[in-house]
Every structure is written in structure tokens, then in C-alpha cells.
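Features reported for this protein in Swiss-Prot:
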ACT_SITE  GLU1503  active site
BINDING   HIS1502, HIS1506, GLU1526  Zn(2+) binding site
COMPBIAS  254-267  compositional bias 'Polar residues'
COMPBIAS  286-295  compositional bias 'Polar residues'
DOMAIN    417-496  domain 'G5'
REGION    254-362  region 'Disordered'
TRANSMEM  97-117  transmembrane segment
TRANSMEM  130-152  transmembrane segment
Amino acid sequence: MSRKSIGEKRHSFSMRKLSVGLVSVTVSSFFLMSQGIQSVSADNMESPIHYKYMTEGKLTDEEKSLLVEALPQLAEESDDTYYLVYRSQQFLPNTGFNPTVGTFLFTAGLSLLVLLVSKRENGKKRLVHFLLLTSMGVQLLPASAFGLTSQILSAYNSQLSIGVGEHLPEPLKIEGYQYIGYIKTKKQDNTELSRTVDGKYSAQRDSQPNSTKTSDVVHSADLEWNQGQGKVSLQGEASGDDGLSEKSSIAADNLSSNDSFASQVEQNPDHKGESVVRPTVPEQGNPVSATTVQSAEEEVLATTNDRPEYKLPLETKGTQEPGHEGEAAVREDLPVYTKPLETKGTQGPGHEGEAAVREEEPAYTEPLATKGTQEPGHEGKATVREETLEYTEPVATKGTQEPEHEGEAAVEEELPALEVTTRNRTEIQNIPYTTEEIQDPTLLKNRRKIERQGQAGTRTIQYEDYIVNGNVVETKEVSRTEVAPVNEVVKVGTLVKVKPTVEITNLTKVENKKSITVSYNLIDTTSAYVSAKTQVFHGDKLVKEVDIENPAKEQVISGLDYYTPYTVKTHLTYNLGENNEENTETSTQDFQLEYKKIEIKDIDSVELYGKENDRYRRYLSLSEAPTDTAKYFVKVKSDRFKEMYLPVKSITENTDGTYKVTVAVDQLVEEGTDGYKDDYTFTVAKSKAEQPGVYTSFKQLVTAMQSNLSGVYTLASDMTADEVSLGDKQTSYLTGAFTGSLIGSDGTKSYAIYDLKKPLFDTLNGATVRDLDIKTVSADSKENVAALAKAANSANINNVAVEGKISGAKSVAGLVASATNTVIENSSFTGKLIANHQDSNKNDTGGIVGNITGNSSRVNKVRVDALISTNARNNNQTAGGIVGRLENGALISNSVATGEIRNGQGYSRVGGIVGSTWQNGRVNNVVSNVDVGDGYVITGDQYAAADVKNASTSVDNRKADRFATKLSKDQIDAKVADYGITVTLDDTGQDLKRNLREVDYTRLNKAEAERKVAYSNIEKLMPFYNKDLVVHYGNKVATTDKLYTTELLDVVPMKDDEVVTDINNKKNSINKVMLHFKDNTVEYLDVTFKENFINSQVIEYNVTGKEYIFTPEAFVSDYTAITNNVLSDLQNVTLNSEATKKVLGAANDAALDNLYLDRQFEEVKANIAEHLRKVLAMDKSINTTGDGVVEYVSEKIKNNKEAFMLGLTYMNRWYDINYGKMNTKDLSTYKFDFNGNNETSTLDTIVALGNSGLDNLRASNTVGLYANKLASVKGEDSVFDFVEAYRKLFLPNKTNNEWFKENTKAYIVEMKSDIAEVREKQESPTADRKYSLGVYDRISAPSWGHKSMLLPLLTLPEESVYISSNMSTLAFGSYERYRDSVDGVILSGDALRTYVRNRVDIAAKRHRDHYDIWYNLLDSASKEKLFRSVIVYDGFNVKDETGRTYWARLTDKNIGSIKEFFGPVGKWYEYNSSAGAYANGSLTHFVLDRLLDAYGTSVYTHEMVHNSDSAIYFEGNGRREGLGAELYALGLLQSVDSVNSHILALNTLYKAEKDDLNRLHTYNPVERFDSDEALQSYMHGSYDVMYTLDAMEAKAILAQNNDVKKKWFRKIENYYVRDTRHNKDTHAGNKVRPLTDEEVANLTSLNSLIDNDIINRRSYDDSREYKRNGYYTISMFSPVYAALSNSKGAPGDIMFRKIAYELLAEKGYHKGFLPYVSNQYGAEAFASGSKTFSSWHGRDVALVTDDLVFKKVFNGEYSSWADFKKAMFKQRIDKQDNLKPITIQYELGNPNSTKEVTITTAAQMQQLINEAAAKDITNIDRATSHTPASWVHLLKQKIYNAYLRTTDDFRNSIYK
């Protein structure tokens, strides 16, 4: 029985209702149907686009209005169909055949078009479908089928899969057609265009209630229908007048593979997106019937078609079409179904599109009968089956009706009676089961699932057959039994799947693990979700893809990079019923991992410290985990960063027995196996138990050894000497002589002793030490010091390796300070040795041993790599790379040394292997690659007999070592390998090595190898942050930035030009940073304060114009806790206290004046809180959050408070140096890492300075202290290198001298020569600065002996010192010496400075002129010798503020120049009341005389004669043997002290007016003495006048009586020096005496005066023996007529001076003067046997006599010296009548008269002299004893002056 649901529409079709055509045609069409419907194309992840091609002629006017005349552009998500319209361009000739007409006629002949009209309840009819019946088949078409379609071009139709946003392809080029545009339909609103019967279009939307639905075909067994009948159930159409949908379909499951039938399924809105499930049809053996469910209004009978039985199960295949997601796909081709078809109807409302569910009906037990069709009047209605009564009659067989007897009863013929027999039989029948369908909302729509398997029942019937003639004529049922069937229960799916969505609801960055956690919201109402993947993109690149195991759980994506912009997307896989489909969800999220934490990136060592017995000490191991870690902290050391002090959070025991120490600082992390983790942890070993003779504790070891010095002791663990506290006077850990054995290995493992502060042993006596490492030594002592022992006798040391720093005031060595008959083998030292001795006592410094002696001593197979500093200054002090002093048969063999030796004193007894082998030291098979500076690469002793063999080097040194063979590096390496040295430091400390780490930024993700330098520099700019951040900022450094190419040494925060060290107090004022590069340049970057980091102890600054940041390398703190602890202690320290003197090593009553720190000490103490903050900020990265750190640092300062104050004061006093606007005091005092030395501690260095002792801290030792204490931490070898390095950085465009001169407060005059060639040299000095007048260049020269001047000059607080520099001298003087009274006022302040400056300028010019003259006189070799630096001190005879003159001592604090310069320099000398000045050959000291006075300048030339005569003025010939130094100065080469002086000497200083009537010397000496020829010309002219006047005076006196002669003249004679060794007279002295009457009687002529050795009484003594080497002068106008000589040796003082000038005038400087005054002929004299014993030299020397000189100079020209002199007088007397006239101001008797007298003749001149002599005779005693009283003397001066003026200083002759 058929049921119809309420509102259900049914379409019934009946062949009888077709009003046009033949039934046969209609029927046959079902078998021949071949017209295909457009196939369903697959949906995919991309946008499906349909291209449908059609001709323009098919468009209506309305359609043409929708035409877009353009090409399709970009694909949009809403696109559906493009109708591509073409215009035909082909016009074929008319052949009488019209294809359209032909097609129509052909189609009309083979087809029948049936219009299906729907009748509505309101009586209206509408066209529903076209039923096209053809001979090839049937096609049910919707009314809209003829809309936008064209069969002409349909072959080109296509479906495209185009990504949204991609370009659509251009339409095809079709031959004969022109593309003109397109019409587009969209799918976003599911609107479809349909053309109604009247040609109008209407839009239909799925969302509207009247939208058209298509039908699903469902197969089921139905016992209600007879075999061969079928039922087609189609979902009815909703009511409404809307146009027909373009999409329409009918069921196609009954089509064969040859009867392709396409069906489109339109989905219920309630199930849109769900997959349609096509049930699998089981194999059926029974016919299948099709049932049509009809509506009340529209019924059409349908026919059934018999098909062969289908053997295979049915299932739904195919992809989905747009708009039908979730529906079952229509399979286009199916195999031929061979069974009858049964079509189930569709379900009622709410179940559209679903398989019909048949209600369960009772089993049908009656016979089946086939009903015919309905009778007229019942068309379209179901056949009514009348109830049939039970048949009780015998069964009769009816035949089939014959033709033309249809409907008539069959004619039964009568048959004869037959015999009837019976037969019993049993018939078993199957009772078919029924199928019950249950809707399952969890099962995909149209899918079926057998919930319960059906089972057929059985019916057993017993029959009795009646047989007649062998035929059964009747059968009678005897019995019947039944087994009921089990009904089959089938679940039918109603689920229509929709595409699930996965939305990212949350993204959490887990930055420490480089990962993210993503949370999702999966919306999957229909369980279509299959899987999903999280995809991470960097730009367009997929970098990470992770399967989402459970969308409900958080998804972790790891392995990401920091500072990379990422996008996270979700790639979804789902299934809507058929195949898996994929797409990328629209829910995305951008993110970037940014990680900024504090990380300790590089660790060389990590040390645990804790408090024990009221002191902090280091722990190498722990016996248990402490419960309270407040008193513990950690030191982290690195060569790349400052040492860090960090608090301990916890200490716990690990499972392996070690202890885990956790360091906690806010934001501190370390990298683990899966990313970063909080805090930093390291391990500490567990302490081992002690065993007899085996030790694991240093304290127990020392205690045991001290109790038994002859025992055997073995180490079983690494240990630290920090366990033991030493007494103040303790110089070693063990006292006494150790005779036992110390073994550093237990046989399986070697161990080390750490942290020695003193030598382990005092003495090793026959002891053995082997297999031991001694590490991190930090020993300092005022006694002999070494790591292992102070002394060793007959000891054996093997396989001992030492590493650390050792310093001392006496002998210093790596292993043993002093050894005798000791063997040291296979051992090594690595580190620093500092010998800071300040005296001249014996000491030796060596890398292995200081001094080793004895034939049994051997140093074999040792290695040294060390920096050694020494103050070796004499033969008692040595330094060597391996041994300082090697003597008495001791041997060094098979050993190698590398490193550097710095000798602050420049003494050369320093060697790369050994300082000295004197005597009998032996060296064999050694290699030295040591930079020895002023020493030698192998041995400091270079005597040829030294026993040094097979010594090699591959480096170059300043000095050539006679024993060194130069080899290549490869050769050196091979030689060292052959030595077989196996000692190593690497075999111990394994537990500590586990805590080491290093970073290589180039190995990190996103790092670029070529940016290695940039990463290193960014590390400097932000040292605390994690390495990934370093790489991130490093990648932002421009390739043009210097940070990209050049390595940084340090970064210094600044405020303008001020270095900022107190960062906490000035953090907001920091506005730039200084970048110090390794190429010795600096650059500056502007910065602005950005913020405090999360850990507020780290602060950040933005760098202007850059993408990176800056953070100072300091945990910013005000250090309140520490300062509160120590401030009062520091403020109570006094400089002169006993405690301070104890630290200095000075006696309680010792004065500390020579420190010159008084003023600065008080200034530092007054501001100690600020200084302390600077020290702590720059010292280490001190984190003050831990109590242990605060207490440790506080105790360290308090325990060393005196040393701390001394060191801090010292640095503030001597390093307060300016470089233009830049003051470097803070940089020098606190920034010890400025040169990249990150291992240096500011606090430790300052304390070490204070502890270095009084001698080291003396102001005069600033150069030595730098070399010993600061060079290694500052990175420059000398203090000069240090200040020059700063100059190069901060004033690169200035020279050292320019900077020095600008920044010292001393008044400096550098007087360059007026000689062009000299000035050129001085202005362009050579590399050795030989010609430079720059004060800095000169005091920094290697030859300068007063280098301690540097820092006092640079730090002078005021102008109180002057410096005058010229070609040969460097003069220093104090302003206080010239505090004169001017106009009754004692000069001070600016007036004094102006006064002194003026005098300095004048004196400097005079000194310059003096040396210019000498430069002009000398040969080229001697000229070069003038370029030197002889120090001149102006003395300490100063005046105080009251004008009182006194000799100041260096402790005088009232004289600024003493306190600030002369005192600190340490250059002082005692007062000498009898000395104006003195010299010693290399310096000049003024005492009574003042350098800047006019007379003082003359004295200056006097002293410089002493410093220059022998080697320079005498051109290397030396002084003539037998003549003292003073003969060469006063009265010979010393400049006159005035141009008015009557002394026979040269004016080399003063300039005067040319027409000065009083001058007696040249008015411009530089111009006049511009060559030796000019000098001779001048002197010859001078002697022309003097000889003439002397002859006239002789004539005037010889005319007098003998009494006058006797008073006027004196006789000069020789006395002799007796050579007692050779028993002979040698050198002469002069004496004068009065004449006897007999002698006077012989004086009758000029020649008689010469022959009788007569001199004038005037200007000489009446009677005197002139001591040799005296201060004498010769008067130009008091004649010496004598020609006295000495044939036995050198002449006396008077005659020497007189004859020297006469030779200068006659023969010149080189041909007359030098041969006479110098030892030019000494070699010749000595060779000839003329010699004498010199007590000065202690040997025989040449005896150069006057006779030899005379012979050599005159070469036979004269017969004697007297003959020479007579000739000189005669030469002038012969020309006197040719004298040029002169005019003088002269009036006898009136000395001040201006009366002019013109002298025109010699006679007139003679007359004037006669008159003057007569005047003197009247007052003869006075006139001859007091030169100014002599009128002759005055007249001669006036005549001489007149000729001097008229001849232009004798440039012209006095003769006509």
C-alpha cells in the first residue's frame, strides 16, 4: 500500500497521457536513450570555474545587456560560471541544406517532445519539464534547459581549478568565431539564472523556501510490488511560482554503462556541506521494482524496464560539484545492471534527498497475483486490488489466452477418467525476511549500515499429491510448520557533512625554548575532520610543519629562530564523504620570537666561594650540600668579559655524587638541551676521604708535611691553597728544609694545587717533587719568590707545571728562586713574572729558576711561555726566559722559551734563554722566540767565550745575538718536537673543565660567517644579553660600519667629553659612547637612555642612527651596602699612620715625603664614596643582590684599606692627564679593561699598587712602577707607550710633542736653529727623533736618563716650571728662583710668570745662537754630535714669597716647582757655596749662578764646553793630554759674558748695536761666525789691531827707564809636572814674577820682550804660580809678549790660552787651533815613544809636546814659537803706516768725555799711546794693578772698538 506524506509532491507519468506521438516511440526511447547530461566535475581546494562557450545568436536582449566586453581577469572565490560569447565570422555558401532545419526535421522524425504541465491547487498550470522522446532514448529536461547554452560550441566547455587571486586564462581562439565578451554568474549567494517559458530570467537562492530540490534514487526490496513493476520516488517541488531551476536531475542508478545518465544533486540547506552517502546495494536475485511517489495534483504513470541482474554491490563514487558539497557524487558510467530495478521513493518533508524509509509491514502470506492496468476513468491512480476470497475449489490450470481471446476464459476440454494415485511429499519454502530501515544521524547521508543481519524463515509443508497417469492432478496440503524470519535492520544515514574549520584561538610564545604553543578551536559538526598540520612560514617559505595530533590540545612548534617574522597557518585535511580534501585555513597569526635575557656566554673558569672561619675561601669540592647559601657566591671568569660575582641560590647533591650549584640572578638563563632555562648551574666535585699518605685537602697536606718534612706525600685530589691563611711575615707555606717527596699523581690521575699566594716550600733539600701541577698562582713577596720553592739544594724536580703570576722585590722565578746542584726536568712555567726591585742589589729573574749553580745542576726539557718584567740596571741583576743567572757548570738543554721580557731600565744583561752565563754556564740545544726588547734573544752575556751551542730563533729582535741561528718557524717547530718535552697543564682539573663553555656566534641559526667581527663587537656593546640577541643585532650592523670590519677592545660611556665611570649616578646623563678599536682608533656614537631592563641592574641605551643598542658592562648599583660597610674605615686611614707605613714597608719614623701624595690623598679621602663607586662599577660585574658578594667585597676592601687608599691616591695623582678636551684620569684609574684586558680587576690592581712598597710608590719611580705593575694590565710596555696610545686615540692629528706642549702647564720654549739645514731637520725629525727639539720627544728618547719627568710634567697643577730646548741641551728651572723684586715689589702670580717667560725667551735665543756657531765651525761628523739632550738644571736657590733666598730641599712643600716637579722627579743636588755651576760631561747644574741671567748664559757656555769639548768641539780628538777641563772653558771657549768684555774670547751669545762705542766683540756672532774661515778672518783682524797696539805700547814703555819697565812688565815661566814613573818632567804650569834688574836691562826692543818671555803686569798678578787647570783669562789689551812653550809636554794655562788664539788667528780653527788644543797628534806621539803615565787613566798616555805641535802646524815655516811671534808683530808693524783712519771719543784725563779724536796715522796713534802711558806712569802702581785705572788700557779699547766698527767686525781690513 502506498502512502503519501503530508505536503509531498509526486509526479506520475503515464504513456496513455501522451497526446502526441506514438507510444512505441516513447517506449523504445527508454531502451535507446543515449543523450548524456553534463557531467559533474570535481570540487577541489581551489576555486572551480566553469567556462561555457556559446554563440551570440543564442542570447536574448536581456542576456545581451549582461554581456561584459572584456577578458576575464582574476579568479574570485565567488566565481562560478563564465558564459563566453562568440560571434560567428563564417558564412558558408547556401547549398540548399539548412543544418538547423535538417537537424530539426531529423530530430522531429526520431523524437517526440512531451510538455509536462503542473496543475496547482489554485488551478494555475505551469510548464514543469520537457520530456524528449527519441529513438535513441529519453531525456527529461527542466524548463530552463534551453537557457544560457549553446550546443554549437559546447564541445569547448571546460571546468578550471584556479587559485583565488590568480589570473584566469584567456578564452580559446575558435576558428570562424570572434570572442566578444562574457556573462558571469557567482556562487557566493547561490544565485542561479533560469529562463522561464516566456524567456524571462529569475534568480533562485538555496536559502529561499521555494528553491528547487533534486531527488535521490534509493533501492530497496518491496514485496508490495509485483515482479517487473517499479516505483520511482522523486522529491517533489515546493510550491511557488518561481522560475525553473537551471539545475535538474533524475535518478540514474538504473542506467547501464552504455546508457550514461548524469544526475546533479542539489543539497538540503540543513545538510549543506555534508557528504552524501551512497549505500552499497547488496547482490539481489530477485527483481527490483520502481515505485513512483506522486503528489495529489500531478500523477503520471511510469514504466519499468527489465534489466539483467546486477551482481556487484553498489556504492557512490565521484567528486562533489560546487554548491553540492556533502552530497553523493553521481557516477557517470556504471556496469550494466542485470537485475530488475527497484526504486524507493524520497522521504517526506525534512528528509529531502535522503533514501526513503519503508515502514515495516507484515509478511504477505497470500498467493501473488498480477494486476493489470487501471480502467478508464482511473488514469493515474493506483490499481485497486480487490479482496480475493479463499479458493476452496480444486485447482485448475488455466492456459494462457490465445490471441483475440484476451480476457476470455480458457476452454477446458473434457478428459477421460484416470486412475488416481497418491504420493506424500514435503516442500520446504523460504520465508523472506523484511528489511527495517532506521535513520542514523551519525551515518553519512545515503550510506547504509546493516545493524542486524536479516535471516529468512522456513516454511515446511507436507503435501499429498494425486497422480493420474503419472501426472499430479491434485495436491493436498497435509501439514504446515514455519520458522519465522529474522527481519534485517539497516541504518540509513541522514548526515550531510560540512567542511570543518580550525581556528587559531591563542598563540603563546615560549621564547626560552624557541617554540610556540598554539591553541585551536575545531568546528566539526559533522565529523568531517581528518587531520591538520600547523605550518610556519617565513615570508612565503614554509619553514616548519607539524601534525596536529589533537586539535583540542595545545600544539607545540619548536626549533624556531629568534627575531624572525613568522606566520602560523593551519593546513586542513577533511572528508565530506568520498575523498580526502585539503585546504589552508583563513585563520592565521603573525608572530616573532624575541628573547632578551642575561646569559653567561663564555666561561674560562667558575669558582665557588664560601665563608669559613670568618674568611671567604674557594671551594674545589664539597663534603655536603650547605643548607644556607647566603654566604656563598660564585666568580665567573672569562677572557671576553669582566669577571662576574654572582649570588648562589642553592646547592644540591646530584645522583652521581657531585653537587649542583645554582646561581640566581633576575633574568639569568643558560642554554639547555631543549632551549634556555632559568638560572645558571655548574657542578662541584664531592670531597674525597683522606687516606694515610694520600691527601685531598691542602690544609691537611701542609699540616702533615710541616710535622714530618721527610715524609712521602701523594695527592689524591685537586686542592686549593685558599684553605690556609698565611701570616703577614710568612714567606712560604712550609718553613724549614723539606727532604721528603711530594707526588702529584696517585698512579692513575694527576692533580693540581691551586691558588698559592707564596712559595709552597722555603727550601728543598735533597727532596723530590714530581707529577704536579701548580695553577692560578698569585704570589707576591718582598723576598725571593717562586711557586714551588725559594731555594733548592740537590733536589730533583720532574714533570712539574706552573701557571700564574709571581712578583717580588728580589729574585723572582717560575719554579725555584735559587738552586744549587739541582735537576729540573720536563717542567714548565706559563704566566707572568714581575721583578719590581728598586735597588742595585743582586737579584735574578728566570722563567724556571732565578739562579742555578753547580756542575750537577741541569735544566732539561723545560718550556716557558711568559711575560717577564724586570728593573735590571747593573751587572748584579739579570733576567732570562728560562734562567736568570747560570753559573759554575750548570746546564740548560733541550728547552724552549717564548713570550716577552720587558726591562724598564733598558739594561741589556737580559736574554731570551739566560740573562748571564758568567761564569761557566752552559747552554745547548735551545730555542728562544722571546721578544727581549733591549736584551738579546739567547743570552744577555755576549762575550765570545760563552759556552752556548745550538741556539736557534725564528723571531727578529732589536739586537743581534751572536749565538742565535735564525730558522724558519717550521724548522723551529720540528726542533722543539725533537726535544721530547711532555709536561702539560691539561692533565689536571678535569672536574673544573666540565664547567667551561665558549660561544661561536657564527654557528647559530641566522648567523653569517662573514659577520664574525660584527657579532664580537655587538657582544662588547651589550655584554650581558643572550647570544641570539647578539646575532640579531649583529645582523643589523651595516657592512659599511666599522663595527663590521674592525674588532672592538672596549666601549666607554661618556657625557660629552667626560668619561663616565659612576654609571648609576650618571646613567641619565650619558649621551655618547666611545668605541675603542683594535687598530688603535676610536669612534663615537650618540646614545640616549632607553630603559632599565627587567633586571634593573642592566640599563639600555638607544644608539642614534643604528639598529643596535648599548648596555654598560656593569650591574648598575649604588653599592650602598658595600659603601656603608667600608666608608668609615676608609675615611679613617691617614697617610702617615703606622698602619700605612707598615703596608709601605717603611719604618715607623720614616717620612713619606718622597711619595708626594699628601695633597691628593686628602682629596681622594674627601670624596672616597664617589671613588669607591667608580672602582666597584668598573671593577667586575658585581651583582650586589647576594649577601655573600657584598660581604666578600666589603671585607676585601676593609682588610686592605691602607693599600686601597694608597693605590687609589697614586692613580689619581699621576694619571690626571688631559688630551685636549678629554681628561683620562677616570679612564686610566678605573677602566683597566680599556685595552681589551677583561681579566684585570680594578680593585685588585689598586690594592696591589698600594701593597707594592715605598720604593715602588716613590714619585720618582713612576716609570718603573708602570713597567712592573701596570704594563701587563694596561697593555702597553712603558708609560710612554701608554700616554702615546691615548694621544693617538684622542688627538690623532697631533704629534706627541704638540699634545705634550699643549697639555703641560710648564712653560716650554723649543728654540729651533736659524741655520736652514738644521731647522729643516728639526721641523721634520727622523723616526729616532734625533733632531727633534720637542720636549716630549727628548724625555721619551731611550737615551734620556730622567724619564720620571713625564707624569709630573703632565700633571702640573700650575705654571711653576720652565723648560728650554735647543740643539744640544734641555734646561729646567723653577719660577721661584726668579721671584725678584721689581720696583720694590716681589713678583708673584701673572707678573712673575710674564717676567720669567721673557727671560726664558731671551736665554733660549742666546743658547740657540751659540750652537748655531758651533754647527758652522765643525766638520759634518761633529755637527751631528751637536744633536743631543744634555740636561741643565737651574738649581734650587729659590726665593720665598718674602723674597728670602735659600736652597730648597725636595721636601719643601712651600715651593710649587719643588713639590710638583723637581721633588717627584727626584732630581736634586746639594748647595755648593763656591760654585756658580758645574758639569760632569752629561749634565749641568747651576748653583749660585742663574741660567736666565746674562752672565748665567755665559756660564752655560762654560759648562757646555766641559760637556762638549772632547767629543764635539774638538771633533773627537779629545783634550790634549796634560791639559785640564777648565783650560778649555773660561778664557778659551766660554763665551764672553758681555760684548764690552776685554777678555780674549769669542762672543757666541750676545747681540749688540753695530755702532756701540763700548763693544769689544762682534755685534752679531751668528752672522759673523758662519764658518771656520769667517772665524779665522775675524780673529786675524782682531789680532791685526791687538798686535799693532801691543807693539805701540811696548815702544812707549821701552822708551822709559828701567824702574818703569820693572813695574810695567813681568816675566812668565814654566814649572813642570814630574812623571815619577818615568822619572821626567812633563806638562807645564805658568808662573809670573817681577823682573830682576839684570833682566830689565835686557829689555830694549820688542823682540827682547818676546825672547825674555815678558808679559804685561796689567790684568795679571804681580807674582803668582798659576795652578794648572785654573780659571784664568787673557786680556785683549794687556800684552803677552812671551812665546813660552813646553818642549816636555803641554803648556801652562796662561800661555796655552794666548797661543791658542794666536794660532786661530793665523792658521784657523782646523789647521791651527785644534792641533794645538786637542789630542790630535796623540797617537803619533805615543807611537814615537812620547808618553807619560796618567793617574787618571791608570796607564801610559801620549805626551804631546809643544814642539810636536809646532812642527806639525808650521811645518818648518818658523824656527821657534818666538820666531812665529816676532813674525806676527813684524807683519803688523810693517803695515801700520797703512792703517785706516778712525775716530774715537777720547780725552786724556776725562774717561767719560765724548770728545772725538780722529786718528789718521800710526804716528798719531803712537803719540796718543805714549801720552796715555805717561799718564799711567804717574800712577803706575795703580794703573798696573787695577786695569780700569789704566789710560793705556782705555785708549787701546777705544781704538779697537773703532776698528771693529769701521771694518764691520773685521770683515774688512784695518789697512788701506
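Cβ from N, Cα, C; glycine included.
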Handout entry: Inter-residue C-alpha distance, the residue listed as 'active site' and GLU1526 (Zn(2+) binding site) (nearest angstrom)
Key = 9
Exercise for the section: Restricting to the same chain and to sequence separations of six or more, state which residues have a Cβ under 8 Å from that of HIS1506 (Zn(2+) binding site). Expected result: ALA1479, ASN1480, GLY1481, ALA1525, TYR1528, ALA1529
Exercise for the section: Enumerate the residues of the same chain, HIS1502, HIS1506, GLU1526 excluded, that satisfy the criterion Cβ within 8 A of the mean position of the Cβ atoms of the recorded Zn(2+) site; list them in sequence order. Expected result: ALA1479, GLU1503, VAL1505, ALA1525, TYR1528, ALA1529, LEU1530, GLN1534
Fill in the blank from the handout: Across all protein chains shown, the one of the recorded positions GLU1503, GLU1526 with the most other Cβ atoms within 10 Å of its Cβ is GLU1503
Exercise for the section: Note the mean pLDDT of the domain 'G5' (417-496), expressed as a whole number. Expected result: 89
Fill in the blank from the handout: DSSP puts the residues of the domain 'G5' (417-496) at 0 helix, 63 strand, 17 coil
Practice task
Can you see whether DSSP assigns HIS1506 (Zn(2+) binding site) to helix, strand or coil?
Solution key: helix
Completion exercise
Around the Cβ of HIS1502 (Zn(2+) binding site), other Cβ atoms found within 10 Å total 26
